[in-house]
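Notes follow the structure.
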Amino acid sequence: MEKPDSLRIAILEDDVTFHDAMARAIAAQPDMALHAAATSRAAGLAMLDGPAADVLLADIGLPDGSGLDVVRAAVERWPDCAVLVNTTFGDETDVMTAIASGAVGYLLKDSDDSQRIADIRSVHQGGSPISPMIARRILSRFRTQLPQPAEREPSPLSGREHEVLQKISQGFTSSEIAGELQISAHTVQTHIRRIYRKLAVTSRMEAVTLGRRHGWLND
Amino acid sequence: MTENAATTILFDDSARYDTPRPHSPQGRRMFLLGTGTVAVGLIVLLLVRMLHGPVFGGSPVLWTQFFPAAEFLRQETVTDLNAPQADEIAADGPQGDWRLATLPYTGVPRTNVIPSASHGHAMTSWYRFKVAPPATLGKMSNDISFYLPRWKTEGRLAVYQNGHLVWRSHGDIIWNSFNRPVLIDLPIAGPSVILLRMDTLPGLGGAITPAWVGQHDALFWRYRIRIALQCIVPGVFAVVLLSMAVVLFFVALARPDSDLYLLFVFAAVLYTTRILHFLGPLDPSIISPVWFGWATVNSMCWLIVVGWLFCCGLAEVEFRWLKRLLVWGMIACTVATSPLFLSSATISALALCAYIFCFTLSTPTMPLLMAAMWRRRSGSGMLLLFWNMLMFPIAVHDMLMANYYVSIGHIYLLPYITPDLFLSCLYILCRRYINALGLAERSNQILETRLHAQEVTLRDTYERLHQIEQRELLVAERQRLMRDMHDGLGSTLTGAIHMADHAASHEVLAQTLKDCLFDLKLTVDSLEPVDADLLMLLANLRFRLTPRLRAQGVMLEWAVTPLPPLQWLTPSSALHILRILQEVITNILKHAQASHIRLSTETEPPGILVRVEDNGLGFCPDQRTNEGRGLHNICWRANALAGRVDWRLGNPGTNFMLWLPIEQPATRAQPGSP
């Protein structure tokens, strides 16, 4: 049963094997609890009506639609919940769209239980997993973002954030970067989380700008 | 109206090229035609209004005396025509056989038999008018004028009132006058006798028209209309045609095939020369009379020839022999009549022969030209020919008039018919010009259409080529992936199935499947765009390897440095590199028992170096023949990348080195399968 101060975890996943594996791994942790579970987009959206979880593990390819809809809704409805998307390859396309929709990271399906549990903990503590490919993608995305009025523009990457992304894209780990920049590994994690937020905001702004440009939105 | 219509059309079409038209072409044409008609109507109305007063509503108090007949006396005298006439003569003129002559009267008929030696002989004709104003006139006005619409002779004229000279003609005796009306103020207002003395060269004729005496205001309009019709209007025509000729001359200058334009220019110049004849009197101090006569007579003949040539050119009919005959005949005539050989009087007498020569030769061709125009359905051409043929009776009329067979009270008509001819020419030329503009516009459109069509074709071709290229690219990529799946994933999975069939341990099976997934991940990574950045590719490899290294407790030292971009880093090259490093690191993990791996990069133009060092058991390729297949794969892949690999024994462990070129050699042999 749910312990009072345990980490509440919600799962949106249609892959029964992965779902069961995750459920077992969570049950094995004394400070974690499976808060809710859903196996389709509709059930996922319904799940958001219930009490908020601390961490949501969401699959993107669902039988009745895209898990990204649930991710977007979760950011609105469960603002304090950290959303992770489940992915096999951690490839650019899936993860980037998920982050742009408000996810703060991804969970590799093939990594072992302990790694996944560690990732969940890290996310809850404000960290965000990142791969060199994604770092690279974010860098180029911020380089070529749409020109907008200055007051609406979300602050572009700070120098430090830029530096961190650069290092990650060259293959350095968080702790290596922390050592080189003489900051704590936690700070590096915070940077990455902030970068993700900016990416999501930028994506929203771009959507709005695009909409306005095409006359879909009124001022 | 011909001119009006032609310019209307001309402006209408030229406007198309200057400014966008606010209205439709029809509307614009109607507007311009309407405006033109209104303007012409207004001018006619004004003229009528101006003339109405003096001509029709003439004040009844004005007095005129018309002389339809005069007393006439002819004498053969010995007169020095170069000396001025006497200032005073007997009031009633010389004694002799005076008789009454009805005016216009040819006092001296033309015989065209010029005495070989006249020696000062002249024919002198006297005309006497008795002026009898009413007695009341003296109180009203003393402004009395004598008006003679035309006098014509090769000689001179003097006018006396009561024996006192009041006017005498000036200028050359041959060319001074046949066309200029005379209006003289008479000094005596009361009853008087007016005597006209006309001296004529022997063999040539002389005549006068009826005369008027009366108050100036009653006569001046007759004089004005006459002088306008006989002198001013032909002069204006000449100026107008000359200015058109100037324009056409420059067109002819710019266009190579513009003989018709040049003919028009010639005709305009000839007409102007001819018109000088009508603007007399000629002052011998300005132009030599003989040259003047030569120029005016020849210009008329040439005008006929040029007009005929124009018609031929327009109908595109060639009368080669006739053309030669006319042109060379005219050249001969021009030379023969030149003042170098003949006197002024002879030229004047020969003029008629030259005119007849031109007309008789050119006229028979007219039906042929007309037929040619009819075939071409050229309305304007036929109109031109009609004018040209109309010229014939007009010319006959003028000839007869010049030779006293027709009343000299008439007006010479050739100056009027010739501009009409010109206007038809001009109309035709304008139509040609407009047609040419239309043609140019159409060809532009055709060109544009063709250009567009070619553009479309080009785009299609490009599109097709692009598609073919894309297809080939896809096929190549598919083949690469197939080969990769076949060699890697496929064989590993087959192996796993065999293991499962033969009840291999779970760990081994799980490891095999993990290797399989790892292979697949590298394949996926190779498809991610890396923008020619090898470091990116290496970074991703590290990201993939980390869980395995961590599981085996091997520490990976990451010592990369920024590398120059490798433009040849396509997905297939990327996969080659990933597979090489995967094989090398897997070997280390499997066999070297190392605890530390160091991966570093260096730039060594013209290539880059990727180094993998471990601290495990030393390894040299030739010592481990059972790993032959993997090593062979590495060598083959490096070769496909135009790179090379090398192993060296380290202290401890092994140093692996992958060298890759920064620029790929232009023609790299397509690598075959290992």
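Here the Cβ of each residue, glycine as well, is placed from N, Cα and C on the backbone.
Under the heading transmembrane segment, TrEMBL lists B:30-51 (among others).
The transmembrane segment annotation in TrEMBL covers B:232-253 (among others).
Taking Cβ pairs closer than 8 Å, the transmembrane segment (B:260-279) reaches residues 175, 179, 230-231, 234-235, 237-238, 241-242, 244-245, 248-249, 251-252, 292, 295-296, 299-300, 302-303, 306-307, 309-310, 313-314, 412, 415, 418-419, 422, 425-426, 429, 432 in its own chain, all 6 or more past its ends. The transmembrane segment annotation in TrEMBL covers B:260-279 (among others).
If you look up TrEMBL, you'll see B:291-313 (among others) marked as transmembrane segment.
Sequence annotations record features per position, and here TrEMBL assigns transmembrane segment to B:325-342 (among others).
Residues annotated as transmembrane segment in TrEMBL: B:348-371 (among others).
Under the heading transmembrane segment, TrEMBL lists B:383-405 (among others). For the transmembrane segment (B:383-405), same-chain residues at least 6 beyond its ends with a Cβ under 8 Å from one of its own Cβ atoms are 106, 109-110, 152, 178, 205, 207, 304, 307-308, 310-311, 314-315, 352, 355, 359, 363, 366, 369-370, 373, 412-414, 417-418, 420-421, 424-425, 427-428.
Residues or ranges marked as transmembrane segment by TrEMBL: B:411-430 (among others).
In this model, the domain 'Histidine kinase/HSP90-like ATPase' (B:575-663) carries an average pLDDT of 84. The annotation domain 'Histidine kinase/HSP90-like ATPase' is assigned in TrEMBL to B:575-663.
Here the transmembrane segment (B:325-342) has long-range neighbours at 288, 290-291, 293-294, 297-298, 301-302, 305, 308, 350, 354, 357-358, 361-362, meaning same-chain residues at least 6 beyond its ends whose C-beta is under 8 angstroms from one of its own. According to DSSP, the secondary structure content of the domain 'Histidine kinase/HSP90-like ATPase' (B:575-663) in residues is 37 helix, 31 strand, 21 coil. Proximity of distant same-chain residues to the transmembrane segment (B:291-313), defined by a Cβ-Cβ separation under 8 Å and at least 6 residues beyond the stretch ends, is recorded for 172, 174-175, 259-260, 263-264, 266-267, 270-271, 273-274, 276-277, 282, 319, 323, 326-327, 330, 333-334, 337-339, 344, 347-348, 350-351, 354-355, 357-359, 362, 365, 369, 381, 384-385, 388, 391, 414, 418, 421, 425. Only residues 6 or more beyond the boundaries of the transmembrane segment (B:411-430), in the same chain, are considered here, and those with a CB under 8 A from a CB of the stretch are 2-3, 5-7, 9-10, 179, 229-230, 233-234, 237, 240-241, 244, 248, 260-261, 264, 267-268, 271, 274-275, 278, 300, 303, 307, 310, 314, 380-381, 383-384, 387-388, 390-391, 394-395, 397-398, 401. Sequence-distant neighbours of the transmembrane segment (B:348-371) (same chain, 6+ residues past either end, Cβ-Cβ under 8 Å): 112, 114, 154, 174-175, 203-204, 293, 297-298, 300-301, 304-305, 308, 311-312, 315, 317, 319, 322, 325-326, 329-330, 333, 337, 342, 382, 385, 388-389, 392, 395, 399, 402-403.
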